[in-house]
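Here's the structure we're looking at; comments come further down.
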Amino acid sequence: MRILGIETSCDETGVAIYDDEKGLLAHQLYSQVKLHADYGGVVPELASRDHVKKTIPLIQAALNDAGMTKDDIDGIAYTAGPGLVGALLVGSTIGRSIAYAWDVPAIPVHHMEGHLLAPMLEDNPPEFPFVALLVSGGHTLMVEVKGIGDYQILGESVDDAAGEAFDKTAKLMGLDYPGGPRLSKLAEAGVKGRFKFPRPMTDRPGLDFSFSGLKTFAANTIRANDDDEQTRADIAFAFQEAVADTLAIKCRRALKQTGMKRLVMAGGVSANTYLRQELEAMMKKIGGEVFYPRTEFCTDNGAMIAYAGMQRLKNGETTDLAVQAKPRWPIDQLAPIK
């Protein structure tokens, strides 16, 4: 079975083809970073228009890479949500239309389930059950995962997501878009211990997150200190350290609460090297394992959507002719795969 996956939930256009026997056959990705850079963030209308231009050519490129035609495809998986409504409508309309034209099933996929299952594309995938930390620009979720679709949300951000806090703090420091990776790069030159940032919501029980106060603390620290390069690097280091420590503390709590020893981290922020090192050290101490996708599959991509769609189609899940786009869609509303 071969599934073509389409991802257009935000500012990346991703298309991939996944074979249930041979694995990933093709992977095409176009990033809109340059398009949005002048605005300091994603402009939804521009994102939607660019998806319109790029999706069909990327589908053809993926077919060419795999040496296939439309007749070799058994289903179309597309991101139905959550995400920017206009961007979602582009991918879902194209996906649903192509499925109708090619006479194959269409499978709407939850964007965060795609991220959660992205480590399954690796040579050493995690076994169920596990705890998943989903960290991106729009979401920070702690999820107990007993199987595909069998999800219980243990904690989530009550305000800014971790990736959003990275981007906003980077903007406060005058760093160009996309700010998160640039802040992490600046932090590499930082000195540990010069600044001490709080670890929000770690002084109380629970697994929810809050990063808006950390952003405010960063703003006050920036205003109170010199603007030389070393000071900027030290502030960036302290901020990144605080986010990583907070996530690690919450992960350890979640693992203790569930009695699990396997941790999956996915989403755009999971590409952060410092965060990976923190979680690896924490899991080593407790005798557990941590899994995450390769860097190119941490950010939005079509491969994770094709894989998730494959699992849903095998479970007999398809849709009628209606185009599905759900800007808000809690992951624990998904049906478990039997």
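Along the chain as shown, the residues are counted starting at 1.
Every residue gets a Cβ built from N, Cα and C, even glycine.
Taken straight from Swiss-Prot:
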- HIS111, HIS115, ASP300: Fe cation binding site (BINDING)
- LEU134, VAL135, SER136, GLY137, GLY138, ASP167, GLY180, ASN272: substrate binding site (BINDING)
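Projection of Swiss-Prot feature records onto the structure.
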residue: HIS111; record: Fe cation binding site; DSSP (3 states): helix
residue: LEU134; record: substrate binding site; DSSP (3 states): strand
residue: GLY180; record: substrate binding site; DSSP (3 states): helix
residue: ASN272; record: substrate binding site; DSSP (3 states): coil
residue: ASP300; record: Fe cation binding site; DSSP (3 states): coil
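A straight line from the CA of GLY137 (substrate binding site) to the CA of HIS115 (Fe cation binding site) spans 13 Å.
GLY180 (substrate binding site) has ASP300 as its nearest neighbour among the binding-site residues HIS111, HIS115, ASP300, going by CA to CA distance. In this structure, the C-alpha atom of ASN272 (substrate binding site) lies 15 angstrom from that of HIS115 (Fe cation binding site). Reported as a whole number, the C-alpha separation between LEU134 (substrate binding site) and HIS115 (Fe cation binding site) equals 7 Å. Candidate binding-site residues: HIS111, HIS115, ASP300. Nearest to ASP167 (substrate binding site) by Cα distance: ASP300. Cβ neighbour count for GLY180 (substrate binding site) (all protein chains, 10 Å cutoff from its Cβ): 25.
Cβ neighbour count within 10 Å across all protein chains ranks HIS115 highest among the binding-site residues HIS111, HIS115.
Annotation note: ASP167 (substrate binding site) sits in a helical segment as assigned by DSSP. You'll find the Cα of ASP300 (Fe cation binding site) roughly 10 Å from the Cα of SER136 (substrate binding site). Cβ-based neighbour count (10 Å, all protein chains) for SER136 (substrate binding site) stands at 24. Sequence-distant contacts (6 or more apart, same chain, Cβ under 8 Å) of GLY138 (substrate binding site) comprise CYS10, PRO82, GLY83, ALA161, GLY163, GLU164.
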